[in-house]
Amino acid sequence: MAGLQFYSGGRLHTFRGSTLGSLERRRASSTRMGPMAAATAASVPAIFGSLDAQSKRLASRFQTLHESEVRVMPTRTEPDAGLVTAMVPTETIFIEEASKTELRWLKSEFGLETVAEGREGKILLRAPESGDAAIETAFEAARACFERGNVAAAHPNFLRLMRRPQPSSAGADTPWHLDNPGNPGLFGADVHAHAAWTITKGDASIRVAILDEGVDTEHTRLKPAVVAEKDFVDDNSHARPDGDDAHGTACAGIVCSRDSKVSGLAPDVSLVAARIAKGDGNGFWIFDDFATADAIDWCWEDAESDVLSNSWGGGPEVDGITRAFERARTQGRDGKGSVVVVAAGNSESPVFYPGTLSGVLTVGASNQWDERKTKTSQDGEDWWGSNYGSTLDLLAPGVRIATTDIRGSHGYSSTMFTDTFNGTSSATPMVAACAALILSLRPDLTEGEVRDLITSTADPLAPSGRRNNFVGHGRLNCYAALRAARRR
């Protein structure tokens with residue numbers, strides 16, 4: 001398995017994976033994480049959930065999940081948290097814009113079979129062997145296909161594993177991100193929501209897509225906003241989550257919760273829910289590149305979303321996902337472009353892909369004191385910090401955020417709401433909501449003009465008053481962005 005190579009972004013990358021060992025032994029283990037976490041930090045990758053205990057549809061697509069051994073390439077580990085993000089190779093490959101002649105060549109040369117066909121010419125193919133042989137064939141076929149130059153994209157279809165953000169241990173007394181009273185914190189260190197609402201609370205014609213682990217679309221404060229939903233994991237007719245998968249519901253509430261006490265920033269816009277991931281039962285998300293790319297295309301093309309909110313990321317760039325985002329930005333909204341908003345990540349490290357892409361709004365997190373969230377910032381949450389880098393655009397509140405929670409007892413709280421939501425995951429839908437308010441006011445604007453309005457009106461946080469790689473252009477000021485949009 002050493003030295004497997006694949007193309008992405010026109011460059012050749014090497015997959016360096018390690019064996020996790022028997023799934024049966026892991027299932028029989030008395031602990032899921034326990035003392036093994038130290039081995040993870042020492043760069044021995046370990047996923048302690050049962051990867052084969054996934055949905056029937058996900059498991060049926062990948063023979064990898066039924067093997068006695070699973071291989072993982074860690075893409076981010078931390079001494080105190082172990083594995084953060086990783087890639088699992090499968091026996092499938094992701095091809096885009098292949099002619100019938102090219103497909104015949106692939107099937108004849110490598111014995112591949114078609115597993116699924118997606119939008120915009122996406123095709124998922126599977127190698128005929130099992131185990132290592134299938135993975136090696138998949139890598140070889142994708143590489144050979146790309147080198148022939150007859151397709152737009154050809155790369156292995158990875159399963160991505162990402163550690164879920166950890167919520168706060170204590171909540172906030174008020175929705176401070178909307179209106180910060182300064183107790184605790186700094187008065188006015190918020191997105192200026194109440195002032196923004198004097199201009200608009202949004203228009204139902206504007207749609208925000210939440211691409212996540214599902215949204216509780218039957219939640220009473222979200223259901224009135226839902227106009228489209230699709231499940232790309234289990235192929236259900238709805239996008240509702242399983243078990244304790246509460247993350248997407250919290251993201252949706254930040255955008256458009258219709259509640260007098262826990263309101264979204266854009267309560268009158270419409271909601272699109274695309275389920276692209278699910279929890280593995282052990283603190284990780286699992287999703288695959290093909291389904292994610294197809295969900296992106298569905299959001300802008302089929303569901304006609306004006307804004308795409310993505311509170312996920314990690315792992316290397318792959319052309320299939322990158323091209324789907326580019327189509328959203330250039331072809332969405334009848335050519336004016338859908339606004340793509342992406343989380344920077346919570347590892348206090350360089351920005352995660354896809355936040356590294358140009359043309360997307362990459363969002364970091366601030367706290368109640370208008371500080372960039374770090375492991376030493378005044379909020380006291382020493383287990384996470386906002387990522388940084390040249391593609392970071394701005395910050396938005398990301399500590400102890402009040403929002404909607406999944407119904408029942410398996411969410412962040414035992415009620416339909418939570419005040420402990422955290423991370424750049426919460427900052428991202430805030431910026432997406434602001435973009436939706438701008439488009440409610442000015443639907444004629446291009447996605448580039450919306451991005452410019454949001455970044456140019458952010459409240460500066462850097463001592464110089466200028467953009468830097470740690471705070472971007474500053475903290476989101478939705479009121480200022482709307483005023484600028486009205487004058488434009």
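First residue shown is number 1, and so on along the chain.
Keep in mind that glycine also has a Cβ here, set from the backbone N, Cα and C atoms.
Those TrEMBL annotations? Automatic predictions, nothing curated.
Note that the structure is a prediction, hence the values are computed from the model and not measured.
If you look up TrEMBL, you'll see Asp212 (among others) marked as active site, charge relay system. In sequence order, His247, Gly248, Cys251, Ala252, Ala273, Ala274, Arg275, Ile276, Ala277, Ser311, Trp312 constitute the residues six or more apart from Asp212 (active site, charge relay system) in its chain with CB-CB distances below 8 Å.
Over all protein chains present, the Cβ of His247 (active site, charge relay system) has 29 other Cβ atoms lying within 10 Å. Taken from TrEMBL, the feature active site, charge relay system covers His247 (among others).
The active site, charge relay system feature in TrEMBL is assigned to Ser425 (among others). Counting every protein chain shown, the number of other Cβ atoms lying within 10 Å of the Cβ of Ser425 (active site, charge relay system) is 28.
Among the features that TrEMBL reports, domain 'Peptidase S8/S53' is placed at 205-474.
The secondary structure of Asp212 (active site, charge relay system), as reduced to three states from DSSP, is extended strand. The predicted model assigns the domain 'Peptidase S8/S53' (205-474) a mean pLDDT of 95.
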